[in-house]
Structures are given as C-alpha cells and as structure tokens.
Amino acid sequence: MDLKFNSSRKYVSISIPSKSQAMSPHIKSVDDVVVLGINLSKFNKPTQFFICVSGVFLFYLIYGYLQELIFSVEGFKPFGWYLTLVQFGFYSIFGLIELQLVQDKRRRIPGKTYMMIAFLTVGTMGLSNTSLGYLNYPTQVIFKCCKLIPVMIGGVFIQGKRYNIADVSAAICMSLGLIWFTLADSTVAPNFNFTGVVLISLALCADAVIGNVQEKAMKLHNGSNSEMVLYSYSIGFLYILLGLTCTNGLTPAVTFCSKHPVQTYGYAFLFSLTGYFGISFVLALIKIFGALLAVTVTTGRKAMTIVLSFLFFSKPFTFQYVWSGLLVVLGIFLNVYSKNMDKIKLPSLCSLWNQSAEERKTRTLSQTV
C-alpha cells in the first residue's frame, strides 16, 4: 500500500496492490500440506484422511516390527539411547533432504519452541526405546495405548480445548479396549520391571504434551512438516549426543554396533526410514485434523500391530481379544461421530422407544383387522 502526500493540493492517494503483488510465493502456499511430495491440499477431507491413515498404518507397522527385531539382537538391550541417537541422526538427514525439495526453506517456528519440542521428542522416543530393555513389547503397548486420555488433558490445559462426551467416551473405550486386548498377550510371558514402568510412564507424559505443542506451533506459525522434523530431531540429536558423552554411554554402544553392523545400523536405517515416513503422515494428521484424531489413529494402529502378530506368530487365542477389539472399534466410531455430528444423526433413545411403540401399535391394529 502506497501513501502519497501533496502539501499544495492537500490530498492523500491510496493505491492497493493486486493480490498477486501483495502475496509472496510462500504465503500463497501457506495452507498447503505436502507429505513425501504429495500435496494433500488438493484433495477433499475424506481423501486426506484416507491417505494419512494409510501412511500411518503402513509405515508404523513395519516400524514396530523392526523395533522389536533390533532389540531381539543378543546384547543390544542396554543401548536404547544409542538407537535413538542413530534414529534422530537419520531423521535429521531425511528432513534436510525433503526441505531442499520445497521452494520455501525458511524457518517459521521460533528456535525456543523447537528446543522445547526437541526435548519432548527425546523424552518420548528415547524413553520408549530404552523401556524395551526392561519390558516386553506387549507390556510397552499397554502403557502407550493410554496416551489418548493424556493428550485430551494436554489439549485442555495447553490449548484451552473443550471435548464433548463422544470424544471422552472414545478415549475411554479405546484405552480400556487396548489394555484389555494386550493384557492377555502380556500374561503369556509377563516381564514387568519397575525401571521399565517408570521409563514408559515418563515417555507417556512427554507424548501427551508433544502432540498439542506441535499442533499449536504448526497452526500458529504455519510451519511445514519437513521443517518440524528437521529442526526438532537435529536439536534432539545434540541433546542425546551430549547426554551419552557425559554418561560415558557412547563408546560401549559404538563398539557393540561395529561388531554387528547389519543387525544394528542396517536395521536402524530401515527402522528410521519407515519411522520418518510415518511421522510425516502423523504431522499431517495433526495439522489437518488435530492432535486428538491423530492419536486416535496411532492408537488404533497399535491394535492392528497386535492383530498382525497373531497372523505371523503362533500365540494362544482367547475371546478376550474379540471383545476388547470390539471395544476399540466402538471408540473409533465415537471419535469419528464426534467429528461429524452435523452429518451423522443418530436416533435418540426416546425416538427409538416411540418408533418401537408405533410398530407394536401397527401390528396390533393389523391383527385386529
């Protein structure tokens, strides 16, 4: 906007630039959500949701399998933090490569915010990886499936959100269903350790906060997924490197992994690659649909992980899996319903009762006639 003053004629002329002049290229695409080169903004909401959910399930199912495979290597369990360091290093490289493919390479989210996000990311992923050295995989899932409720609590305190009864019911159903679902598997080979319980509990607390912080930062500053991944994981890499150096945990891990390069670095590369693809779709879910729905999807993915474990590995079967699975499905339905209450009109109990009474009355009249 240009303002021109003329003292002799005493007038002000205002010229308003055109829309193409007023908006720079990076502002034009401020609402674009690009994941692995796919511009999701070109699709409608249901298609966006389908693509994101498919990506989360595909890559994180492979991710979970590789995670358990790495910790099955004899002697690797004490080096969970080193695995997280390698994982963060790969994530930083992948994020840098992806950021070079986009036109706008500027950092939009403040550095202080990234320092906090990186700290929370280190907490949730590092403590989760390390807990597998003390707990078996099903026991870990029992704790991780409960993060749906903390995310809702975090949404209330961090973003001031208010959730309806359907969202609360969905969180309770999914959490109870997954706990019930995985409890049978954990009782087959229970391996509880108090240290592992503390680690996974702390990871759960960090995970409950990080989704809301990421959602608030990405929506407030319009940050891209690749930017979020690059800066949060590169800063987190420095955090872990400093911690391992100060605790003398770096040298033993490097020595062990150098003796088993394929089972450690090779698996870690695939583990990080699938995890990076998965987190890209999770960030897209957070940006488009919010943290609650994103966590609902990832929680459902954990149920699918255990279902697939029955298909690939022989395990005892009880109907407890069936009933708890139905409870999870109910939770998913309640969450979807809460997001589409204006489109999905469920009949009330009163209307169902009146309809039933009307049908009985009609049958009575027909029999009388």
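We count from 1, first residue shown onward.
Note: Cβ is positioned from N, Cα and C throughout, glycine not excepted.
Unlike curated records, TrEMBL annotations are generated automatically.
Feature annotation from TrEMBL assigns transmembrane segment to 49-67 (among others). Below 8 angstroms of C-beta separation, residues 35-36, 38, 40, 43, 129, 132, 137, 267, 270-271, 274-275, 277-278, 280-282, 284-285, 288-289, 297-298, 301, 304-305, 308 of the same chain, each at least six residues beyond the ends of the transmembrane segment (49-67), sit close to that stretch.
Sequence annotations record features per position, and here TrEMBL assigns transmembrane segment to 79-102 (among others). Listed as Cβ neighbours of the transmembrane segment (79-102) (distance under 8 Å, sequence separation of 6 or more from its ends, same chain) are residues 34, 36-37, 70-71, 122, 125-126, 129-133, 224, 226-227, 229-231, 233-234, 236-237, 240-241, 243-244, 249-250, 252-254, 256-257, 264-265, 268-269, 271-273, 275-276, 279.
According to TrEMBL, the transmembrane segment annotation covers 114-135 (among others). Counting only same-chain residues 6+ beyond the ends of the transmembrane segment (114-135), those with a CB under 8 A from a CB of the stretch are 67-68, 71, 77-78, 80-81, 83-84, 87-88, 144, 191-193, 195-197, 199-200, 202-207, 209-210, 213-214, 217, 228, 231-236, 239-240.
Residues or ranges marked as transmembrane segment by TrEMBL: 141-158 (among others).
The transmembrane segment feature in TrEMBL is assigned to 165-183 (among others).
Residues or ranges marked as transmembrane segment in TrEMBL: 189-210 (among others).
Among the features that TrEMBL reports, transmembrane segment is placed at 230-253 (among others).
Under 8 Å from some Cβ of the transmembrane segment (265-285) lie the Cβ atoms of residues 33, 35-36, 40, 48-49, 51-53, 55-56, 59-60, 62-63, 66-67, 69-70, 83, 86-87, 90-91, 94-95, 214, 218, 225-226, 228-229, 257, 293-294, 297-298, all in the same chain and six or more residues away from its ends. The transmembrane segment annotation in TrEMBL covers 265-285 (among others).
Look at TrEMBL and you will find 292-313 (among others) tagged as transmembrane segment.
Feature annotation from TrEMBL assigns transmembrane segment to 319-337 (among others).
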